[in-house]
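Participant: Pulled the feature table from TrEMBL, pasting it below:
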TRANSMEM  A:58-80  transmembrane segment
TRANSMEM  A:87-104  transmembrane segment
TRANSMEM  A:124-157  transmembrane segment
TRANSMEM  A:177-198  transmembrane segment
TRANSMEM  A:218-237  transmembrane segment
DOMAIN    A:256-285  domain '4Fe-4S ferredoxin-type'
TRANSMEM  A:299-322  transmembrane segment
TRANSMEM  A:376-396  transmembrane segment
DOMAIN    A:405-434  domain '4Fe-4S ferredoxin-type'
Amino acid sequence: MNRIFRLRVAALLVVALVGGVLMGGVMADESSDLMFPVPEFSDHPIPTASVPEVQGEVAPLLDVAILFVALCLASYFTLVSRSRRNVLLLTIASLLWFGFWRQGCVCPVGATQNVALAIFDPTYVVPLTVVAFFVLPLVFTLFFGRTFCASVCPLGAMQELLAVRSIRVPRWLDHSLGLVAYIYLGAAVIFAATKTGFIICRYDPFIPFFRLGANTDMLLFGSSILLISVFVGRPYCRYLCPYGAILRVLSCFSKWRLSIPPDTCINCQLCEDVCPYGAIHPPTVTQSPERRRKGKRRLVTALMVAPVVVLGFWWLGTALAVPLSQWHPESRLAEQVRLEELGVAASTTEASDAFRGSGRSVEQLYQSALSRRNDFVTLGGLLGAWTGLVIGFKLIHLSVRRRRDDYQADRAGCVSCGRCYWYCPVEKVRLGLISDVSEALPDGQLPTGPLVQLTVGGKKS
Amino acid sequence: MNAYLGYRSILLSAWVAGVFSTLVGVILVIDGMNRLDKVPLEATSFVQLREQFLQQPDNDQLRQEIQALDLALRQEYFRELRFTERGSYLLLGGILVTLIFSKWAATLYRKLPRPKPKLPGPDSDEVLSHRGPWAVAVVMLVLVGTAWAMKAGHQSVLPSTLDALASVHHPVGERKSDGQDAVIEPVLAELPSAAEMRANWPSFRGADGSGIASDQDAPTVWDGESGEGIVWKAVVPLPGVNSPIVWQDRVFLSGATAEERGVYCFDAGSGSLLWSTDIAVDPTVAGQPIKTSDDTGYAAPTMATDGRLVFAMFADGQLVALDFAGNEMWTRSLGVPQRNNYGHASSLVTYQGSVIVQYDQGSSEDQLSKLMCFDGATGSPIWETIRATPASWSSPIVIEHDGQAQVITCCDPWVMSHSPSDGMELWRANCLERVEVGPSPVYSDGIVYAGNDTAIYAAIAVDGSGDVTETHVQWTADYGLPDTCSPLVTDEFVLTLASYGTLFCFDKQKGGEPLWEEDFGADFLSSPSLVGDRVYLFSRDGTAWVVEPTGEACNRISEAQLGEECVTCPAFHQGKIFIRGSEHLFCIGSANADDQ
Ligand code: SF4
Ligand code: SF4
């Protein structure tokens with residue numbers, strides 16, 4: 001019943017989402033027609049453009065305060081009260097506030113770019129609010145694990161709510177796809193540092209929904225991510241989110257973090273498949289000497305391959321100076337102007353017309369585009385080296401074997417959503433719902449792990 | 001029981017919310033579809049009213065009607081927009097409520113899993129460390145592929161340095177000065193003058209097909225391998241043995257394989273590929289067998305331009321015209337050439353905005369060979385002359401003598417002249433009996449020089465009519481005749497180059513026995529060219545010689561290497577040499593040679 005019900009919900013969501021997408025497409029198409037001529041034969045006043053009022057001091061501070069409170073609550077709900085229900089309510093609240101009310105801005109994910117730009121360009125003054133938004137979740141993660149992802153991040157919240165029918169992504173696929181987020185992070189940093197653009201914001205798939213409007217491409221992208229979220233838990237968080245990439249790393253070193261059972265794991269296997277994000281790993285088995293030897297060989301190979309990969313990708317990156325620099329609007333403009341100068345451009349563009357009206361010389365434009373392209377030889381190399389480093393590290397990481405005696409939430413991958421609590425018999429004993437773990441086990445099943453007798457409150461008897 | 005009831009009502013709520021969301025979604029979609037191409041101020045009634053008003057500009061009532069309708073249409077539009085906006089919020093709310101209730105219901109109905117006992121075997125970490133690296137390797141491959149695609153998809157038309165940029169000037173399209181409407185003028189609406197044609201390299205062996213450059217100077221030393229003297233070299237995407245043509249700051253080439261064909265435009269200054277246009281195979285010839293040989297391939301004819309459009313032809317008889325931005329203007333299939341042993345190779349030539357094709361094929365009895373002329377702008381045929389000659393591989397030239405233009409062609413057994421305006425034959429001379437004609441004719445000072453190995457070489461005065469074999473042939477030669485390369489006629493000499501590597505020099509006035517012969521010990525398919533007093537020879541293996549012919553001997557000036565095979569003819573433009581090797585297009589010369 002539960003399964004069929006979930007399927008139905010998934011189907012309904014799909015229908016509604018597809019409807020939304022189509023409608024969005026229609027709306028987006030229409031937006032191009034919004035340029036009306038002034039009404040005819042009337043004294044209709046042409047509205048003058050107005051600049052919105054500067055935000056006062058209070059609003060940004062309020063944002064930071066709300067973020068701080070939300071983080072505290074999230075950490076409390078996941079680690080202390082261990083209440084999935086509260087986590088969920090907080091998730092909805094965060095989605096409504098940070099997502100729909102604040103329209104996804106400012107958000108720590110995008111703040112990464114402001115901070116990167118501030119580091120590379122001392123003339124850029126980054127608002128302290130933005131720094132706070134960037135730093136607070138990092139600090140919380142260092143102490144409590146990814147509680148920010150659990151219920152504060154509006155992007156995560158949206159996907160969390162849609163994770164209705166998650167299929168299990170094989171771990172090897174999960175690990176390899178996860179690399180994309182790190183590369184995206186690298187690209188976002190160099191693009192932000194060179195003022196090429198804030199790509200995280202530009203390609204944020206959730207913004208069209210938070211703001212109820214976007215161009216068709218972004219709507220399609222966003223809708224696809226949402227659709228995928230129904231079947232693959234948090235695809236953006238796992239495979240794209242650049243901030244999540246940082247959080248994953250920090251979370252590995254967090255002082256405290258979520259543990260599935262409140263006390264010792266009894267290896268009952270009940271939580272094994274419940275994590276929609278594939279973040280619960282079973283205990284490892286003892287390896288045969290043959291396998292251990294193989295594993296060592298794999299590690300040695302990985303250690304040798306890693307520097308080659310770094311070098312190879314560094315070289316590849318240097319070769320991408322032209323395409324990377326062309327992400328900058330000015331470089332694209334230079335190409336267009338050059339095509340026009342050569343007489344081979346099909347037509348002029350709004351940007352090139354504006355440029356010709358600006359009085360700036362073509363040489364200056366070219367000069368700037370060429371020096372940017374030069375910069376991108378180095379930056380492309382750096383991005384390549386970073387990519388190589390991430391890949392090399394992943395290869396080494398994959399060849400290092402870690403021993404686990406019980407079921408554990410993956411330090412990096414667990415977003416502290418708390419879904420697994422309910423399944424854990426030890427948790428049920430803690431909550432006083434049962435008096436002995438065996439009551440929670442399916443008939444005839446005995447836990448395979450060390451059987452610990454727990455009393456109400458989760459203390460060992 | 002109570003719990004069950006609670007569960008039921010929550011489930012019901014989830015369903016109601018879900019159905020509601022779906023309905024809202026469907027209504028929004030239908031509404032959106034209905035409005036898809038509705039532009040308020042383009043409503044028929046409104047347009048009609050406005051038209052009426054144009055005829056009766058003083059009709060006040062009409063004016064008020066328009067005003068009222070304008071307002072109504074706008075209000076209607078914004079009402080619809082608000083409808084969509086509200087609908088979206090409703091949809092969002094609906095989805096949220098569905099989610100909350102369904103989640104709630106699912107939570108209430110949640111059941112514990114019944115995990116199966118673990119089977120012995122490698123654990124998931126083991127599988128991960130086994131498969132993980134392969135998956136990472138696939139990601140690496142994808143990244144490399146993406147990088148490659150990015151690089152290929154983002155060519156830059158900016159050269160690598162500003163200095164290189166400075167050496168490229170004269171944009172072809174005249175640009176209005178700043179502040180004026182920035183619209184690009186069509187590329188040379190008017191036909192270029194003869195002088196402009198000569199200053200460029202618009203067809204095979206230059207404007208008059210003589211291989212003589214209007215420049216007086218060109219580089220003499222280069223090395224394709226080390227890059228010495230090479231301004232740039234660019235990979236030509238598809239192979240072809242056609243030679244580059246140059247119009248101002250653009251170099252054009254075509255390339256083709258059995259499956260693909262393309263026309264390419266390179267920036268003469270930087271060598272960047274400005275555009276490349278894929279030409280689709282004409283459906284009428286698709287799948288038909290096309291005879292080619294290694295020496296011709298699928299893109300042997302050299303392109304031609306009249307300064308407004310460029311024309312290209314391929315082995316399957318497809319003729320195509322493109323504008324200077326690479327847009328295909330028209331294309332015509334002339335039919336797959338029949339019984340042409342080596343594949344079609346004759347290059348194109350233009351005359352007053354038309355393009356002329358020497359399309360010889362089959363045997364003389366077949367009467368398949370044609371000389372054709374098409375309107376350059378539209379591709380419509382202007383005239384076509386059927387000729388009883390077998391297939392040939394030589395290219396036509398257009399000359400002007402005494403104010404009359406003539407198209408000169410070589411075929412078995414005739415050297416023929418036709419009027420380029422109507423295709424009427426002007427004269428013919430029999431001097432190519434039973435040969436497979438390769439070399440093209442050359443015109444100089446009232447005389448056409450044409451001939452072929454195994455026949456004779458003849459100098460024919462062009463002022464005759466009818467069969468002029470007996471009356472107008474000034475001299476002949478029967479030794480030292482070319483088989484592929486076209487001759488070079490200087491002020492004093494006629495130079496012929498045999499493909500086995502010997503250059504023969506004849507007295508331009510007398511012919512007869514060669515004055516001298518010089519062996520280069522290499523194979524040649526590229527015809528000799530002249531810059532100033534210097535003759536440029538490119539051998540098949542890429543070695544090039546610059547020589548200065550005198551009455552007595554051939555003085556070798558320099559020898560240079562292209563670094564790859566070469567069977568095409570060079571184009572000379574603004575002190576630079578453009579030559580196509582087997583893989584690259586080379587620009588030889590110093591970067592600032594054209595600043596002089
Ligand atoms: S991974 Fe990124 S998007 Fe997902 S919850 Fe964390 S910060 Fe937000
Ligand atoms: S809390 Fe549990 S269910 Fe949620 S991500 Fe972590 S391991 Fe997975």
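Backbone N, Cα and C atoms are what each Cβ position is placed from, and that goes for glycine too.
All annotation found in TrEMBL is predicted automatically rather than curated by experts.
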Participant: Would you mind splitting the domain '4Fe-4S ferredoxin-type' (A:405-434) into helix, strand and coil residue counts from DSSP?
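Facilitator: For the domain '4Fe-4S ferredoxin-type' (A:405-434), the helix, strand and coil counts are 10 helix, 2 strand, 18 coil.
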Participant: Before we move on, state whether the transmembrane segment (A:218-237) and the transmembrane segment (A:124-157) share at least 3 Cβ pairs under 8 Å, counting only pairs 6 or more apart in sequence.
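Facilitator: In contact, yes.
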Participant: Between the transmembrane segment (A:376-396) and the transmembrane segment (A:124-157), are there at least three Cβ pairs closer than 8 Å, leaving out pairs fewer than 6 positions apart?
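Facilitator: No, the transmembrane segment (A:376-396) does not contact the transmembrane segment (A:124-157).
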Participant: Can you count helix, strand and coil residues in the domain '4Fe-4S ferredoxin-type' (A:256-285) using DSSP?
Facilitator: 0 helix, 2 strand, 28 coil
Participant: Any idea what the model's mean pLDDT is for the domain '4Fe-4S ferredoxin-type' (A:256-285)?
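Facilitator: A mean pLDDT of 90 is what the predicted model shows over the domain '4Fe-4S ferredoxin-type' (A:256-285).
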